[in-house]
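As written in TrEMBL, here are the features:
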COMPBIAS  130-144  compositional bias 'Basic and acidic residues'
DOMAIN    17-130  domain 'Alpha-D-phosphohexomutase alpha/beta/alpha'
REGION    122-144  region 'Disordered'
Amino acid sequence: MVIFKITRVETTPFEGQKPGTSGLRKKVKVFVQPHYLQNFVQATFNALGADRVKGATLVVSGDGRYYSKDAIQIITKMAATNGVRRVWIGQNGLLSTPAVSAVVRERVEANGSKATGAFILTASHNPGGPHEKYEERGSQLRYG
């Protein structure tokens, strides 16, 4: 059994932190701000309600772009803190968006449980990374 130290951190809302139909599209330098990702993830859990989060199974993966490994760690720890029972992560954190969708819709555990939803870490089509280089694309986070 893994034991986490749970820390409550008071934060304030971020201007423009409102996801659209394609998720939360922001440049990497926005996502890496202290507490930015955490605020969004916690707001998602709060919006779903404790009854849908506690005991849930989530998929957390992406396309391997800049900051994905760190984001997966943050989301996984926050999921555990919020009572999520299982987190399915692709090997090395990698699953394409269609693969995540398939896992959420089709994968069934031996006990009959299925994923409740997913955090998908994908890139937008704009230059990104910490220095907005073409080879390091911007980030977006979707929950579906």
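Glycine too: its Cβ is placed from the backbone N, Cα and C atoms.
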For this session: Could you tell me how many residues in the domain 'Alpha-D-phosphohexomutase alpha/beta/alpha' (17-130) are helical, how many are strand and how many are coil under DSSP?
Result: 48 helix, 27 strand, 39 coil
Seminar exercise, completed: Averaging pLDDT over all residues of the domain 'Alpha-D-phosphohexomutase alpha/beta/alpha' (17-130) gives 90
